[in-house]
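Enquirer: As annotated in TrEMBL:
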- CYS509: active site, nucleophile (ACT_SITE)
- CYS509: active site (ACT_SITE)
- 226-238: compositional bias 'Basic and acidic residues' (COMPBIAS)
- 951-963: compositional bias 'Low complexity' (COMPBIAS)
- 1273-1287: compositional bias 'Basic and acidic residues' (COMPBIAS)
- 82-126: domain 'TRAM' (DOMAIN)
- 1-37: region 'Disordered' (REGION)
- 60-80: region 'Disordered' (REGION)
- 216-238: region 'Disordered' (REGION)
- 300-320: region 'Disordered' (REGION)
- 624-649: region 'Disordered' (REGION)
- 899-923: region 'Disordered' (REGION)
- 951-977: region 'Disordered' (REGION)
- 1140-1161: region 'Disordered' (REGION)
- 1209-1290: region 'Disordered' (REGION)
- 1307-1339: region 'Disordered' (REGION)
- 1548-1576: region 'Disordered' (REGION)
- 652-683: repeat 'WD' (REPEAT)
- 747-786: repeat 'WD' (REPEAT)
- 787-828: repeat 'WD' (REPEAT)
Amino acid sequence: MSTLEVSSQKKRGYNEGKRHFKSNKRQKKDKPVKEGSNEEVILADIRALLARRSLQDKAAGSASEVNGDLEPSNPSALPEPFTEIDVTVAELSSTGDGLALNSDSTHVYVVPFTAPGDTVTAKVIKHFQQDFYSLADFVKVVKPSTERDDGLIQCPYFASCSGCQFQMLPYQYQLAHKKTIVEKAYQNFSGLRPELVPAIGNTVGSPLQYGYRTKLTPHFDGPPGGRRDNRNGIRPKFEEVPPIGFMKKGTRKTLDIEDCPIGTDAVRRGIKKERSRVVREIDKYTRGATLLLRENTERIQKDQKNGDAAAEAPEEEKNMEAQVVAVRPQASDDTIIEDRGDYLYKKTCITDNKATTTEYVDDYIFTNPAGAFFQNNNSILPVFTQYIRDHVLPPSTSSGTTPKITNLIDAYSGSGLFTITLSKMFSHSLGIDISPSSIAFASKNAALNNLPPDRASFIAADASNLFANITFDAEETVVVIDPPRKGCDESFLRQLIRYGPARVVYVSCNVHTQARDVGSLVGGMEGVEGGAGPGKGVYEIESLRGFDFFPQTGHVEGVAVLRKKESSGGEQHGAIVDAEAPDTIAESNSTAGAADGVEDASYSGGRDGVICAWDLNLDLRSSSDGHHRSSVAAPNDPKPKASPATTFRQQAQAHTHWINDIALVQNNEALVSASSDITVKVWRPAAQDVSPPQTIGLHSDYVKCLASPSAHASWIASGGLDRKICLWDLNGVGKKLEIAVAEDEGIYRDKGSVYALAATNSILASGGPESIVRVWDPRTGKRVTKFVGHTDNIRDVLINEDGDTIMTASADQTVKVWSMTAGSDKSGLIAKTDFRNVAEMDEGLSVAVCQEHEGVHKVISAGEYIWTATARPSINRWNDVDTEAEVQLPETYKLHRSSVATTKSRYQSPPYQPSSPTANGAAKKQIPLKCVLRLSNTSYFPTIQARDVESPTSYSMSSATSAKEQSETTSPAPLARKSSAVVINDAELHIMLPYHTLPDHSIEGQNGLIKHVMLNDRRRVLTLDTAGEVMMWDLLKCVPIKSFGKRHLEDVTPEVNTMESVAHWCAVDTRTGSLTCTLEENYCFDAEMYADERELEETIEFRNDQRINLGKWILRYLFSNLIDEEIRRDEAYRQQIQSEKRQTLQRENAPGKIQLPQIGMNGWDDHASGATSVATPRASNGAYLPATTPGLAIGLATPAQVLLNHGTQHHRTLSSTAEDGAPLEKKISQQSQTRSSFDKVGDYFSAAPHPSAGLTSPAVNGKPAMTPSDAQEDQRTSIDGEKDEKAGGALFGKKFNMRMSFGMKKLAKTQTTESVSRPAVVEEKEEDSDSKSSQTEDKVVDDNFYGTIQKIRNAYDDQLLEGAESLQSAIAPSLPNETPVLKPPLATTILIQEDRPEAGGVADLFEGTVGSLGLQADLIEKVAPMWLGDVLLRNQIPFKEIVKVSFILEPYQGILPSIAADGNNRLNANRMLRAKKILGYVAERIEPQPEHPDPNAAKPEEYLELYCQNQLLPPTITLATIRAHVWRGGGDVVLYYKANGRKEIKHVAKTPPERFARKSDGFEGKPSTDDSSRQS
C-alpha cells in the first residue's frame, strides 16, 4: 500500500498523506471485508464478471468456482501504481464504479465516473492480486459510450467529489441500472434459488433528480500537526481556512465545495452561510468539525375566508410562481417560500444539531432532532409511503376473502414515519426503537397527527429483543422493519421467524444486507422453528422493488414484501384479471368511447384532445321482444352477411390534453368529455349551428371519469385526482353539487382520487385507490354507505337500473359483483357475464368474448356488438355472444360445484348429446367450453371425469370431500369410480380461449407520436409514432424534414446527431400524440446559433460570426401576421392623433406667422450649435444600424484590480452589447445601473473604449459620442424613454404552444416577469430638465401584450406634446439580417396558456393558427404577455445574465510565449465563443501588432491551432461544445495553442505586468499598489 512519509519537524499540509482506503502507514494488514460493505459488493460483481468472461472450461460454473480456478495475476504483468492506462469499461458495478477488463479478461480495473462502453484513461492506484482487481482513478474520457452525456453534468466538482457517480448518465438509464443492483443483490447475497425470487419491479424514480437532499453534512479537517500539538500541551491553531466540503473520490482528502446541486435550495443557501461563518470563526476551532445543514419546513395555511395568503401579501409575494417562488419580504435571504395549493411552505436551513426540524409527508407532520435520522429525499416520500400502504395488506386469497390483519409493529421506528402513515389502516400500531429520544419525538408526532395512544403507541426497546412482550396475534399482524445499513441482527431474525407474523415489509437503504436477511426469512435459519419445521423458511417473497432516494448516486432503497406461506394451493383468478394497476388511463388516440343507439353513431376521444364522431351504419336498436338476437355467429361459422364498415363523420378539438372519459347525455344529443387539462366540456354535434365544445366545469387536477344517471338527465357527474366529485348542470347553470371525497372518514389525502363513477337518479357510487366503494346521495352530497373488500385500486363501477346492485372491478384481480355487461383488464381479455334466471350469482355464466393485444381502456356494448379501445389508435368492433345458448361439453367432462346447494345449471349434463334441431331445422348455437370462465371457487364448473390411477398422465388429487360434493351436484347418474380414482383439478387442465379471435371491423386512427429525442443542436427532433416510423422534424420550420422508415429510434439517433452543445430554449413532448414545443420567457431566449451554420432559402449578407437568437427567430415568424396587423393599426393610430392635433391647433384669428427670436437672443441658439431635444426622432424601423451580434468578452476568471491605461490603442472589431457585461462581473450600485454602455468594462471584442476620470469624449449636438456598441445599447433602451419597470410580473405566467403537422406546439406556462433594469444612455443634462415631466413614466399600462402598444402610443403622445410635426412608427420588429425569413405552415396551431397554481394546472387563454393570428389580434392583445409584445413589436428580449465558461489558456509544451505577463491565464468568456476568436485573442498577445495591417494577411486560425484533451479543435467549435463533448469533466477547461508552421511568428516584446492590462480587451492584470491608490 502506498503511503506518504511526512517529517516530524514539518507540519503536514491540508489533505497531504491521505490516499485510497486504508492508507495508514502502521496498518500492516488489510481489515477483513465487512458483510454488505462496498468491498464485499464489488468483489461479488468482479467475480461474476470474470466468471462470465472466463475462457476456461468451467466458466459456466459459479463465480466462486471460477475464482478458485484462476491464478492470481502476475505482478510483472500489471502496470506500476500511479501509471496511466487506457481501458474500456465493460459494465457498472453495484457500487456505481465502472469495471474494465484487461486484455486477457483475467483482471479487473475499478474506475469511477465511467459508463459501460467508455474508453477512458485511468491512473492505477493499488492492486489486489488475490482478488483479481485493481483500484484506479478516473483521468479523462478517450472515447465516450452512447450512454454517456456529459452535457447532463450540473456540478463542477463531479468526477472529483465522492458524492455522485451518475451525473453523466440519463436518468432513465440510472433507474434501469438500479434495478440490476437489486437483482444482483438477491443473486449474490440471498442464497435463494432463482425460482424463489420473483421478478424485480422497475425502480420508482424520484420526482426531483437535483435539489432533493434535505440534509448535507460537509466537514473540514483539523489543523496540520494538531494531534502533536495536543500531546505537547500546545493549543492547535489554524493558520489558514481549511477546505470545507466532502471527501475526494478514492482518497481521504477533503475537497473544498462551495455548492452542492443535489441539495435543496434552503440547504444550498445554508452551505454558503455556514462557510462564511467558519471563515469568520476559524480561530475558535482547535480541531476539525462536521457541519449540519438540515432543511426545516413551516406550513402556513392560506386564509380561505378572506382569500389566500398571497392576496393580502406585499406585491413581491404576489409574483410567486406555482412551485418555487420569490423570497417573502418579511423573511431573510435564507428563506424559501413554496406555494402548494392550500398552503405556503416556508423552507429554512437548520445548523444546530440540538434544534428541532419539521417535515411534511403529504398531510402528515413530523418533528425530529436536526441531527437525527430521517429520510433525506422528501420529494419521493409521498410516493414511497403510498407504495407501502398499497402493499402492507395482502390481496384476496383463493377463496375470495382477505386475511384479517389488524395490528402493525414498526421495528426500528425512529420518529414514527411508518407507524403514523400506516396507522389508519390498523386497529393497533406499535412503534419500537432503541433510542428514547426517537420514541419521545415519535409520540409527539402521533399527537400532532391526532392519533390517540390506542391507535399508535411507541416504546423504547432493543429491536433484537422485542417480541417477548408482544401480545398481538401473529396471524393478524404485519411487521415493518427499516434497519440501518448493516441490516438486522441474527437474534432479531430468529425472534421474527419464531413469532411468525402474517406479513413482513422490509425497507432497507442497503439492498445487499436486505437480500441476506430476506434469504434467512425465506430459506430458513438453522435450528429455528417457524412452523414449517426446524431450519425451514416460513415466508415467500411477494414483491421486490427499488426506490431511487438518491438520484445521481449508486444508492437504491429496497422494499421487499413477504407473506407467510400457505398450506393450500395457489389462487384462482376471476373473470377479470388485472395484474397491476394501470399507470394512467388514456394512453392512446382512442381511450374513451360512447355509442349512440338512436343515430347509430359512435364517438371516440384520446390523447390528442380530439373527439371524433363515426357513422356505424348499423341498427343498434334492440329487438321488439327485448331479448338478445339469435343471429350472433359462432366462432367458426361463416358470417351470414358482410357487416358494413364504419365511416368518419366529424371531429372537434375539445381539449389540449388527454381525454380520459366521454359520455352521451340528453337523449344522445350532447357529448360530455373529461380531460387531463382539468376541464369538463360539452359538445353538441347534432346542433344546426355546431359550435366548439364549451366548458361546463373545472377541477383542480386531472378529470378521470364521468357518469350520467340516465339518457334524459339534466346533469352529469365527474370525478378526478383533486379528490372531488362534481355534479354539473348540462343547461349552463354550472356546478350543482361538490362532494369532497378526501374529507370522508379515514381517507388519506393522496388516496381520495376518483378513478371510477356510476350514477342513477338516486345514488352515486365512486371508487379509487383507497379500495373502498362509496355510495353517495346526489341530492345532498352525503355518503349513504360504503363497501369494503377490494385490496387494490377500483377501476370501474356500474349500477343497475333499479339502483339495487353495484358492480365493481378492481386491480386486485377480482370483480365483486357482475351484471349483464362487459368487463376487461390489462391483459386485454373481454368477458361477458350473465346472471339472468339464476337463484345465485355463482350459477351465472361468464364467457371470454375476445382478446385484445394489450390492456383495454374502454368497453361499449350496444345492439349485437361490442367496441373496445386500447392504447393503439384503432377501435375494434366485435360480435356479441349469446349467453342464453348452452355450453358445449365433451363426453369426458362433468359438472363440479364445491357448495352443497343444488340448482339448475346452464351446462349440459354429460354424456354429451348433439343438440336437437330447432323448428326451422337449424342447430342452435352453443358456447364452446374453452370460452367459459369460472366465476368463483364455489360455482358450477365442468371438469374432466375421473381417470384411472393407472393412467399414464398424473394429476393433482382433490380431497375426498370435494369428490363427494362433486358427485352430489352433477349428473343424476354419476359414473362408477374406483376407490383410487381422483377428480382432476380444473384449473390445471382448463385452457381459456376467446370466443372471437378477430374483430368484426376496425376503425383505424392516425398514428400518434409516442417517443422523441431532441438532438444536440436543439433545432431538430427525432420522433417515433405508433406505426414504428421514425421522423426528423425541424423546430424552426415547424415541419418534418426526413423519414427514416420503421426503425429503432436509438439506432437512428447516433446517425444524425452532431457534436454541439446548445442551451435549452424549448421543451418538447409528444404526450398528446403530436410534437409539442413549449416556450417560456425564462429560457426561450437562451439559445443562439451562428448565421453561417443555417441553410437559408434566401441569400442574406451577415456579419462575420453573427449569431441568431433561436427563440426570437421562431416567434418573429410565427406571429408575422400579427405584426403586420399591428403595423397597420399603428399607422391608422398615428394618422388619427396627428389629425386630432391639427384640428385642435386651428382657431379663429390665428396669426399667419410668428416672429422667432434672433440668434443669441433670450437664450436661443442655432441648431448647429445648440443641444438637440432629448426625444430626437429615430428611424422608423430601427434600420439605422445593422443587426448586431452580442460581443464575446474574454475576461479573467480570477479577477485582479482594474488598471486604467489611457494610452492604450483600441482596435475596432465587433461591437459589444449589454448581455456580455463586465468581464470581472463587478457588483454595481443602483445608480450605476442607469448609466450608458460607456460605463461598461470593455472587452476584447468591443469597439468602445472605456472612459475614465479626466478623459473627454467628443460630442455631437451636445450628446456624448456613440460607438456602435452604444448605439445598439441605445436601441435596446425603451423607445419612449421610460424607466424599466420593476422586475417581477403577473402572478400567473403565459406560455405558447406550436402544433406541427400532428398537433400542437406549446408555449409553456411560466410566470410573466418583466425585464430587469438595463443600462440607458446618459444624456447631457439641460438646465430645464428638472422642469420637464415624463408623462410616459407616470402613465400606467396593462400587464399584457396591449401594454406594449400602450407604451408605444404614450411615446407618440409625448412627442406631440413636445411639438413634433410628424410621427414615425415606433414598431420595429427584427429585420431579415437579424432573423432570416421563416415560413412556418399556416395550419400550425398556437396556444397561449396561463398557469393556474391554485387549480393545479393550466388554462387555455387563446387558440389559433399561424395563418389566423392577424384576424385574432384583439384577443391576443388581451391575453398574451407583455414580454411577447416587446419581442415582436420592439425587438427587445428580456435581460438575462449570459452564461460564461472558465478556461485556462496555455502554450503547447511552452513553445510559444504565454498570453499573460503576470502568469494569470485563467479566463472566462461567453459559452458561444468560437475557437477562432480564442486564437485571435492569442495572436494579439503573442505577436506585435503592425502599424499598417495587411488586409490579405493570414488569419490567426490559419496559422495557429487549438487543442483540448490532445484533440485538434475546429475553428468554429464553441466553448460550450468543447466543455460538453471534448473536455467532458468538471473544473476549468484546459486549452493549448500551438503554431502549425504556416507563418513565422514574431514574439511580442515583454511588457511589465502593471502595463499589460487593457480594459478594452477584457483582460486585466494585477496592478501595483501605487497604481491602485491612484485609481481610487
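Glycine is no exception: its Cβ is also placed from the backbone N, Cα and C atoms.
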Enquirer: Please work out the number of neighbouring Cβ atoms within 10 Å of the Cβ of CYS509 (active site, nucleophile), leaving out its own Cβ.
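Expert: For CYS509 (active site, nucleophile), the count of other Cβ atoms within 10 Å is 18.
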Enquirer: With DSSP as the reference, give the number of residues of the compositional bias 'Basic and acidic residues' (226-238) in helix, strand and coil.
Expert: 6 helix, 0 strand, 7 coil
Enquirer: Just to confirm my parser: what is the rounded mean pLDDT across the repeat 'WD' (747-786)?
Expert: 82
Enquirer: Going by DSSP assignments with H, G and I as helix and E and B as strand, what are the residue counts for the repeat 'WD' (747-786)?
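Expert: Across the repeat 'WD' (747-786), the residues distribute as 3 helix, 17 strand, 20 coil.
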Enquirer: Could you tell me how many residues in the domain 'TRAM' (82-126) are helical, how many are strand and how many are coil under DSSP?
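Expert: Result for the domain 'TRAM' (82-126), in helix, strand, coil order: 0 helix, 25 strand, 20 coil.
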Enquirer: Residue counts in helix (H, G, I), strand (E, B) and coil for the repeat 'WD' (652-683), per DSSP?
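Expert: Taking the repeat 'WD' (652-683) as a whole: 0 helix, 20 strand, 12 coil.
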